[in-house]
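Working notes for the structure below.
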Amino acid sequence: MRLYFVLIFSVIFTTGNGKIQCKNMRGKSVDWFVVYKLPKLSGAGTSGKEFVYFDAESSDWTRGNDINDPNVAVGATVSQVYSADKSNNFWFMYSDDDPIKSADSYRGHAKGVSLFDSTTGFWLIHSVPNFPPIKSFSYPNTAEKYGQSFFCASMEVQHLTELAEHWKYIQATPYIINIPEKYATRFPTLKNVEAKQSLPRSATQFWISKPIKTVQGVTLMAYAKHKKFDGDIWNDLISRQNKVTLAVESWLNGSGDDIHTTCTSTSQTHDVTEMRVTGLNFASSKDHSKWAVSNSQTNPIVCFGDMNRQKSQLKRGGGALCIQNRNLWQLYHSFVIQVEPCKSSSHFSMFQTIATLLSAAGLVSKI
């Protein structure tokens with residue numbers, strides 16, 4: 001009887017931890033996680049490898065010292081691809097700026113990793129250029145300087161239907177892809193993604209939003225825009241669809257013109273200009289991540305995506321994955337110290353940061 005119990009326990013333990021899913025700080029399966037790689041700040045003593053971690057079971061950030069560690073969170077999750085079974089697993093790495101080729105400025109501005117077996121898998125959205133490598137996990141030295149974002153969701157294999165459609169709309173550029181025949185048969189749109197085939201010329205719908213459930217039943221919303229949408233995914237799609245004011249952190253250091261804070265009668269989307277992350281203050285110019293947080297406690301949305309708020313990206317594909325989680329929302333909302341206000345006097349800036357609330361109360365003149 002004792003031997004029988006040990007064998008049963010061993011099978012359950014091995015199977016539970018052997019699932020292809022997002023991995024936590026201990027390398028164990030988790031429903032979803034967020035990682036914020038901190039920028040290299042000489043005055044604060046950060047090396048550019050430190051990160052903070054939050055998942056479905058967290059109440060606050062957990063600090064990590066080395067984003068390059070293959071055994072925790074991002075590293076443990078991505079490393080599953082390198083040991084995957086080619087005949088039985090689907091995998092996909094995509095990037096507009098991958099480790100193999102020069103940057104692509106025509107197709108979608110999007111970066112991610114996905115891996116599935118016949119039951120479950122994960123989708124990881126990230127902002128890191130030249131990442132991940134094709135043979136084994138490592139984090140590029142060139143991406144240590146700026147802040148970066150990661151959002152991973154574990155999901156059942158049937159959601160490859162929605163993911164394939166999402167990748168087709170955003171024109172995700174594959175640099176590693178493996179589609180066994182059983183996946184190609186069940187999810188034929190994956191072959192369109194592999195062949196870089198996008199929407200037909202007859203298409204009239206240039207954006208989609210789809211609910212996707214994690215393995216634990218959390219509903220996420222995936223938003224995708226094709227380049228012919230010709231608009232800002234944050235303001236023209238996510239803010240308007242959810243009827244919320246957003247603060248968006250994105251890369252605004254490029255050569256293209258910035259869109260700037262957008263305030264209309266139907267939506268407001270503010271560019272973040274200054275942040276405080278776990279006690280570290282830094283300007284948006286130190287950050288390459290792409291995320292948004294709502295200003296609504298009744299609709300506490302946090303989104304992680306592909307797109308910068310620059311005019312050149314209006315005519316490129318890209319997406320975002322959004323989650324409603326009050327603990328995560330409170331953390332991200334508290335990050336925002338300053339946003340660019342509405343320019344027009346006819347629109348009152350609706351995003352209330354810590355700085356604006358304290359200033360309005362007469363407690364501080366400037367933070």
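Residue numbers in this text run from 1 along the chain shown.
Cβ coordinates are placed from backbone N, Cα and C, and glycine is handled just like the others.
Here is what Swiss-Prot says about this protein:
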type	residues	note
CARBOHYD	Asn253	N-linked glycosylation site
SIGNAL	1-18	signal peptide
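Asn253 (N-linked glycosylation site) is surrounded by 13 other CB atoms, counting those within 10 A of its CB over all protein chains shown. A coil conformation is recorded for Asn253 (N-linked glycosylation site) in the three-state DSSP classification, outside any helix or strand.
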